[in-house]
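Asker: I am attaching a structure below and will ask some questions about it afterwards.
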Amino acid sequence: MSARRALDLSLYLVTDAALCGERGVAATVEAAVSGGATIVQLRDKHASDEELLALLARLDEAIAGRVPLVVNDRLELVLRARAAGLRVDGVHLGQGDAAVLRARAELGPDAIVGLTANTPAHLAAVAALPAGTVDYLGVGVLRPTSTKPDHPPALGIAGFAALQAAARDAAGAPVPCVAIGGVRLEDAAPLRAVGAAGLAVVSAICAAPDPRRQAADFAAAWRGGATPRTAHEPRIPRVLSIAGSDPSGGAGIQADLKSIAAVGGYGMAAITALTAQNTRGVRSVHVPPAASLLAQLDALSDDLIVDAVKLGMLANAELIRTVAEWLGRVRPPLVVLDPVMVSTSGDRLLDPEAEAALRELLPLADLVTPNLAELAVLAGADGPAADWASALEQATALSARTGVLVLAKGGHLGGAEAPDALVDARAGAALAEIVEFHGERIATRATHGTGCSLSSAIATLRARHGAWEPAVAEARRWLRESLRHGASLEVGGGNGPVHHFAGLWTRGGLDTAPTPAELGAEWWADIAELRRAIDELPFIRRLADGSLPRTAFDEYLAQDAHYLREYARALAEAARLAPDASAQAFWAAGSRECLTGELARHERDLAGALGAATGGAAAEFEPNAVNLGYLDHLLASGARGGYPELVAAVLPCYWIYDDLGRRLLAGDFGPEPGSPEHPYADWLAMYAEPSFAVSTQRAIELVTGVAAAATPEVRERMHRAFRRSAEFELAFFAAPLAASADDAPAPPGCGTRALSATIGA
Ligand SMILES: Nc1ncnc2c1ncn2[C@@H]1O[C@H](COP(=O)(O)OP(=O)(O)O)[C@@H](O)[C@H]1O
Ligand SMILES: Cc1ncc(COP(=O)(O)O)c(N)n1
Ligand SMILES: [Mg+2]
């Protein structure tokens with residue numbers, strides 16, 4: 001294959017030894033090519049032939065055949081290098097039609113010959129050359145630059161476009177033009193829009209602290225920048241699935257195209273294999289030649305921009321290498337690899353010998369989404385994880401070893417849960433970051449193609465949202481709804497497909513709303529670390545074992561008494577705003593119970609402890625900053641967000657106390673505090689009362705019901721109000737034992753004091 005075929009000039013690196021500095025030219029080129037440079041020109045006006053020959057040998061190694069290499073000006077040197085067996089693909093010459101004619105004659109038809117052209121006169125000279133003499137023109141300078149001190153006046157985008165329009169050879173065919181001279185990142189989109197063949201970059205990459213990153217940024221700007229959009233008109237992600245065909249329509253590319261469309265992307269598919277399968281299993285597989293796959297891929301990348309790639313069944317080692325080569329060349333901004341080896345039905349979809357090739361492909365992916373069996377193979381474990389904790393361990397090891405983000409999937413775990421987790425140990429296993437997604441297992445046989453569907457949805461949503469966590473959360477929500485409606489399709493007698501468009505057809509929208517139960521689980525999981533911190537507080541520990549000093553307990557009771565009086569007003573306000581009589585009655589009863597139950601008990605306890613003679617604690621009482629902040633938060637939530645935010649904000653006070661009360665009484669914190677001698681036995685029993693558990697359950701149902709029916713924006717504000725209240729709960733419990741205000745955890749952003757006086761008014 002000649003270097004001229006499908007010459008990719010999109011990111012043309014020109015070297016400058018001085019700018020490369022101590023890093024050196026070879027290391028800079030290596031990094032830039034890894035980042036996405038598509039062609040390299042060695043440019044050195046001062047080095048001797050011997051020095052350049054030695055450098056060419058090193059560049060040959062650094063480039064490793066990935067992109068073409070040409071040399072600036074020195075045709076004799078190119079001829080010498082080639083004679084010595086060094087790989088040099090061509091030459092770039094300054095002006096002079098005689099010089100290019102000679103270069104073409106000496107180097108032959110397959111070599112690359114480029115020419116600089118800055119003026120209409122140069123273009124006229126080019127137009128007189130026989131067709132095929134030059135492969136491209138370097139047209140510049142685009143902006144004033146220091147790397148060419150004697151440069152002609154800067155062209156700007158319009159000047160470049162005008163010269164390019166005139167660049168034709170003797171046969172009248174357009175000659176590709178690369179913009180050179182002071183090219184910046186922000187020039188990529190307009191240059192591509194006016195039809196430039198690429199960007200030539202010198203100092204922006206050679207002098208960059210991280211040439212790989214910088215090249216990747218240029219490559220991304222070039223690929224992504226054809227049609228700039230506004231924030232109000234988000235781009236529809238163009239997502240390519242490279243996967244096998246499942247004629248039954250539930251897995252493979254068929255599932256991928258449906259999934260991409262269902263979550264809001266434009267889907268494309270290059271087919272790696274034709275399986276004959278249905279919902280019961282795979283009967284046979286036909287794998288087309290690798291050249292056919294490459295032709296599909298090149299047809300796409302020669303024409304359009306791919307925002308994300310999802311890789312599915314890759315069948316054999318040759319196809320995997322073909323895909324790897326294409327990815328290395330085209331460098332799509334996002335790659336999600338679903339390492340399909342064994343289908344949900346248990347059929348092998350990858351040659352055993354291809355496993356090694358798949359391992360080599362891994363580092364080219366941004367996210368890999370193995371099921372339990374595939375995870376074990378990739379992590380080199382003895383067998384599939386038997387429980388979720390071992391799955392997370394395997395995923396951590398895999399992520400640490402490959403530097404790739406891993407989505408561990410619990411679809412094949414037994415049990416009532418179907419968890420997934422994003423595992424990021426790219427910075428080393430000890431620093432693994434794990435984000436878990438929980439949800440109950442859905443009782444259905446419609447699980448054919450769940451892995452394919454999930455990975456394509458994630459690729460699409462990651463391109464839309466720009467972050468992994470919301471992409472996975474939304475993809476899961478969508479998949480779970482699709483799983484729930486799968487059986488309604490009545491497809492096949494085995495494991496049927498999921499209903500990819502369930503949400504779209506039943507609700508007429510892309511808003512994949514969660515159920516109340518899912519939201520409850522999500523919010524509760526989200527405050528897990530706050531709940532753990534509450535468990536660890538000395539106040540809670542010592543309350544449980546009875547060693548808490550009475551003064552600290554009384555301080556807590558006094559603060560809580562103040563809080564409860566105002567909290568009762570917040571509940572009354574919830575009753576006032578409630579949308580129906582049942583909710584109204586519930587919150588009103590809660591408000592009353594607050595005053596006649598909890599608060600009355602606190603006041604009795606306080607009076608008992610301090611003695612009626614002192615006049616009770618209330619006389620010297622001052623609410624602390626946490627208390628005021630918490631109450632302001634409740635008030636502000638209602639004032640700003642009405643009923644939904646107000647009830648979200650009051651919920652943690654039910655839920656956390658109910659949970660804590662039950663666990664304290666059950667002895668989760670050490671010896672059972674049930675004995676009558678325990679100084680706080682009475683108090684502990686109050687929150688473990690069954691009636692409190694019933695109220696808590698009802699409060700959770702009411703709040704998550706409102707959230708599930710709300711718009712995503714309101715839902716998110718409710719979630720924030722809920723979380724903030726949980727933060728206040730932690731600070732509230734910490735305050736009594738904090739020696740000084742400085743020791744207490746900072747109250748989470750207190751509002752203004754004045755507001756708390758008017759709560760519920
Ligand atoms: N019965 C189920 N209920 C809920 N989620 C499920 C169920 N089965 C699979 N999933 C989810 O489907 C996705 C695919 O996972 P999995 O079945 O593990 O992979 P694969 O389909 O590649 O074998 C995961 O998000 C998993 O949690
Ligand atoms: C062509 C093809 N590709 C992949 C799968 C895996 O399916 P699952 O998503 O159930 O793991 C499949 N059954 N067929
Ligand atoms: Mg799978």
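Glycine residues also receive a Cβ, built from the backbone N, Cα and C atoms like all the rest.
Straight out of TrEMBL:
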DOMAIN    11-205  domain 'Thiamine phosphate synthase/TenI'
BINDING   Q41, L42, R43, D44, K45, N72, T116, K148  4-amino-2-methyl-5-(diphosphooxymethyl)pyrimidine binding site
BINDING   D73, D97  Mg(2+) binding site
DOMAIN    246-499  domain 'Pyridoxamine kinase/Phosphomethylpyrimidine kinase'
DOMAIN    538-735  domain 'Thiaminase-2/PQQC'
Asker: In whole Å, note down how far the CA of D73 (Mg(2+) binding site) lies from the CA of L42 (4-amino-2-methyl-5-(diphosphooxymethyl)pyrimidine binding site).
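Answerer: About 9 Å separate the Cα atoms of these two residues.
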Asker: Rounded to the nearest angstrom, how far is the Cα of D44 (4-amino-2-methyl-5-(diphosphooxymethyl)pyrimidine binding site) from the Cα of D73 (Mg(2+) binding site)?
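Answerer: Taking the Cα atoms only, D73 (Mg(2+) binding site) lies 9 Å from D44 (4-amino-2-methyl-5-(diphosphooxymethyl)pyrimidine binding site).
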Asker: Take every residue in the domain 'Thiaminase-2/PQQC' (538-735), average their pLDDT values, and give the whole-number result.
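Answerer: The average pLDDT of the model in the domain 'Thiaminase-2/PQQC' (538-735) works out to 86.
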Asker: Please name the residue among the binding-site residues Q41, N72, T116 whose C-beta has the most neighbouring C-beta atoms within 10 angstroms.
Answerer: Q41
Asker: Enumerate same-chain residues with a sequence separation of six or more from D44 (4-amino-2-methyl-5-(diphosphooxymethyl)pyrimidine binding site) and a Cβ-Cβ distance below 8 A; give 'none' if the list is empty.
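Answerer: D44 (4-amino-2-methyl-5-(diphosphooxymethyl)pyrimidine binding site) has long-range Cβ partners T15, A17, V25, L52, L55, N72.
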Asker: According to DSSP, collapsed to three classes, what secondary structure does T116 (4-amino-2-methyl-5-(diphosphooxymethyl)pyrimidine binding site) have?
Answerer: strand
Asker: If you draw a 10 Å sphere on the Cβ of D97 (Mg(2+) binding site), how many other Cβ atoms land inside?
Answerer: 16
Asker: On a count of neighbouring CB atoms within 10 A, which of the binding-site residues R43, K45 is highest?
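Answerer: Of R43, K45, the one with the most crowded Cβ is R43.
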Asker: 10 Å Cβ neighbour count around D73 (Mg(2+) binding site)?
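Answerer: Here the count is 18.
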Asker: What whole-number Å value do you get for the CA-CA distance of K45 (4-amino-2-methyl-5-(diphosphooxymethyl)pyrimidine binding site) and D97 (Mg(2+) binding site)?
Answerer: 21
Asker: Between the Cα atoms of T116 (4-amino-2-methyl-5-(diphosphooxymethyl)pyrimidine binding site) and D97 (Mg(2+) binding site), what distance do you get, rounded to the nearest Å?
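Answerer: Cα of T116 (4-amino-2-methyl-5-(diphosphooxymethyl)pyrimidine binding site) to Cα of D97 (Mg(2+) binding site) measures 11 Å after rounding.
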Asker: Let me know the DSSP-derived helix, strand or coil state of D73 (Mg(2+) binding site), please.
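Answerer: Where D73 (Mg(2+) binding site) sits, the three-state DSSP reduction gives coil.
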Asker: Quick one: Cα separation, R43 (4-amino-2-methyl-5-(diphosphooxymethyl)pyrimidine binding site) versus D97 (Mg(2+) binding site), in Å?
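Answerer: Counting only the Cα atoms, the answer is 20 Å.
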Asker: Within 10 Å of the Cβ of L42 (4-amino-2-methyl-5-(diphosphooxymethyl)pyrimidine binding site), how many other Cβ atoms are there?
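Answerer: Its Cβ has 25 other Cβ atoms within 10 Å.
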